[in-house]
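S.K.: Before we start, here is the structure in question, set down as structure tokens.
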Amino acid sequence: MTERTLILVKPDGVKRALSGEVLRRIEAKGYTLVAVELKHATPELLAEHYAEHVGKPFYAPLVDFMLSGPVLAVVAEGERVIEGFRSLAGTTDPTTAAPGTIRGDLARTWDLPVIQNIVHGSDSPESADREIGIWFPAL
Ligand code: RTP
Ligand code: MG
């Protein structure tokens, strides 16, 4: 089934000039770019985006990290793209993310207050609908 997902190149990825590499992998897999925009998050927007994590020990450092620079917000479309992009991204911890994935190839664990892992991808159709509404209200 054709669906849409919300992808973010997080501030670490933008700073390291990996936005193009992430877009290249999305397109090379055969997904279609529907929207791409460099944006600055706000605490309010992140509280919505990361609602499931509000109150967790890593929430405050996660917000600081996500406010540390611009993010590239992307909507991509394709057959099972939600699951497919999570697979392209690799698991949360970049040290153990499989080689061949974005996180496995391009990120490593740093001695930092929160994991920095280059990308975000929606984890379900409900999350995708909600997150696309947050980042691209006009879509
Ligand atoms: P994402 O939402 O960014 O696509 O990542 P995910 O599903 O793989 O991971 P999730 O559990 O949703 O966590 C969101 C982001 O919070 C940071 N995090 N740090 N223990 C920690 O230091 C920790 N746990 C989570 C990561 O940046 C993770 O991607
Ligand atoms: Mg998540």
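Cβ atoms here come from the backbone N, Cα and C positions, even for glycine.
Where the annotation comes from TrEMBL, it is an automatic prediction and has not been curated.
TrEMBL lists 2-139 with the feature domain 'Nucleoside diphosphate kinase-like'. Here TrEMBL flags LYS10, PHE58, ARG86, THR92, ARG103, ASN117 as ATP binding site. Taken from TrEMBL, the feature active site, pros-phosphohistidine intermediate covers HIS120.
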S.K.: Report, as a single number, how many Cβ atoms besides its own are within 10 Å of the Cβ of PHE58 (ATP binding site).
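M.R.: Summing over all protein chains shown, PHE58 (ATP binding site) has 13 other Cβ atoms within 10 Å.
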S.K.: Could you break down the residues of the domain 'Nucleoside diphosphate kinase-like' (2-139) into DSSP helix, strand and coil, giving a count for each?
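M.R.: Its residues fall into 58 helix, 28 strand, 52 coil.
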S.K.: Can you give the largest Cα to Cα distance in Å, as a whole number, for the residues LYS10, PHE58, ARG86, THR92, ARG103, ASN117 that bind ATP in the record?
M.R.: 21
S.K.: As a test of the contact definition, list every same-chain residue at least 6 positions from THR92 (ATP binding site) whose Cβ is closer than 8 Å to its Cβ.
M.R.: ARG103, ILE115, ASN117
S.K.: Anything within 10 Å of HIS120 (active site, pros-phosphohistidine intermediate)? Look among the binding-site residues LYS10, PHE58, ARG86, comparing CA atoms, and list what you find.
M.R.: LYS10, ARG86
S.K.: By a simple count, how many Cβ atoms lie within 10 Å of the Cβ of ARG103 (ATP binding site), its own Cβ left out?
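M.R.: Its Cβ has 23 other Cβ atoms within 10 Å.
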S.K.: Can you go through the binding-site residues LYS10, PHE58, ARG86, ASN117 and pick out those with a C-beta less than 6 angstroms from ligand 1?
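M.R.: From LYS10, PHE58, ARG86, ASN117, counting a Cβ under 6 Å from ligand 1 as near, the near ones are PHE58, ASN117.
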S.K.: Select the most exposed residue of LYS10, ARG86, HIS120, where exposure means the fewest other Cβ atoms within 10 Å, treating these as the recorded positions.
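M.R.: Sparsest of the recorded positions LYS10, ARG86, HIS120 by Cβ contacts within 10 Å: ARG86.
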